[in-house]
Amino acid sequence: MLDFVVCVGGIYVCFLTWSALQERVTTASYGEAEERFRFTIVLNALQAVAAALVGYVYIRVVQRKAMLTMTRRRWRRFFQVAFLNSIASPFGYMALRYINYPTLTLAKTCKMVPVLVMNKVLYRRQYPRHKYLVVAMVSAGVSAFMLLGKGGRGAGRPEPAGHSLYGLLLVLVNLAVDGAVNSTQDQVFAEDREVSGQHMMCIMNLCSAALMGAWLLNPLNPELALAARFLRAHPQAMVDVGLFALCGALGQCFVFYTLAAFGSLTLTTVTVTRKFLTILVSVAFNGHRLAGRQWLATALVFAGISLDVYKKQTGDRRPATIKEQPATTKEQPATTKEQPATTKEQPATNSASTARHRQAAR
């Protein structure tokens with residue numbers, strides 16, 4: 001019980017702090033000149049370096065395991081995932097210039113939509129019927145949240161219509177690329193069963209840092225020099241950026257430990273409630289106000305996610321009962337033959353689940 005409390009507390013503290021710092025770094029004004037930190041590639045590169053280092057320490061010190069032996073094929077696949085992951089985040093940061101943080105957070109709970117679409121289009125995966133109902137509920141809730149916020153009482157300072165639409169377009173691009181990241185990670189786990197979620201965290205972020213580092217060190221790109229000058233001029237921004245990268249990296253450790261110790265259902269429940277608390281924290285501490293109708297739309301989104309969690313729980317229990325009985329009643333040798341196949345597939349399932357929940361937690 002104490003382990004569970006520590007894990008939940010760690011996820012909440014790390015990611016609620018991470019979310020608050022993300023909003024502050026990307027929207028706050030620093031100094032008397034009220035300058036903003038607009039260097040999103042630098043921010044992503046620092047986050048990737050911190051996550052890669054923490055992931056390596058987690059594997060070598062906490063798990064006491066060897067690192068994955070890298071081949072040319074593995075490097076190619078990890079760089080593919082890293083490239084998609086690197087280009088996804090800047091669209092989310094840019095969207096914050098045109099929409100508020102609660103809207104972005106709620107919209108990102110729609111990540112299941114592009115994940116479903118990309119898996120069907122790219123890898124021909126099939127889904128149960130309730131998944132489509134969940135996607136419809138979440139999409140309707142997010143759309144209502146966006147539409148009902150315009151001009152509604154208590155909605156706060158209204159954004160210009162063009163800005164809101166442009167911000168929504170940036171979020172949609174972010175979600176589409178995120179969906180490609182998730183589906184490609186699932187494919188990596190399916191093709192290579194030696195890859196674990198911790199390996200994905202460490203090596204993918206290492207590749208992302210290398211890609212973004214190459215872009216920032218380009219002599220024609222002044223972003224790194226401008227970001228360094230900004231951070232030297234505004235020490236508070238340097239503290240915020242450093243804590244942002246550290247909290248995101250440490251939060252992943254609690255995510256992986258919770259997944260291994262308590263299962264994917266518990267982790268999903270914790271991360272979903274964390275997103276809702278993120279909205280509440282942003283509303284409470286950053287002056288955002290939501291109309292009553294927007295709260296109803298938010299409830300519809302989390303009702304859809306709760307339905308998905310419930311169906312996952314009941315669906316995971318049924319197949320185990322149905323499949324094991326015929327094997328026991330028929331032939332004893334059949335049971336012993338199939339046992340290794342079950343144990344082989346387990347890491348792939350856990351690894352794919354780890355990747356999905358790692359993205360959900362962000």
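Just so you know, glycine gets a Cβ as well, placed from its N, Cα and C.
Annotated features in TrEMBL:
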| type | residues | note |
| --- | --- | --- |
| COMPBIAS | 326-354 | compositional bias 'Polar residues' |
| REGION | 316-362 | region 'Disordered' |
| TRANSMEM | 38-58 | transmembrane segment |
| TRANSMEM | 78-96 | transmembrane segment |
| TRANSMEM | 132-149 | transmembrane segment |
| TRANSMEM | 161-177 | transmembrane segment |
| TRANSMEM | 197-217 | transmembrane segment |
| TRANSMEM | 237-260 | transmembrane segment |
| TRANSMEM | 292-310 | transmembrane segment |
Fill in the blank from the handout: Note: vs the transmembrane segment (161-177), the recorded stretch with the largest number of Cβ pairs under 8 Å from 38-58, 78-96, 197-217 is 78-96
Fill in the blank from the handout: Sequence-distant contacts of the transmembrane segment (197-217), meaning Cβ under 8 Å and at least 6 residues beyond its ends, amount to 41-42, 44-45, 47-49, 51-52, 55-56, 58-59, 63, 67-68, 70, 75, 78-79, 81-83, 85-86, 185, 188-189, 223-224, 252, 256, 259, 350-351, 353-355, 358
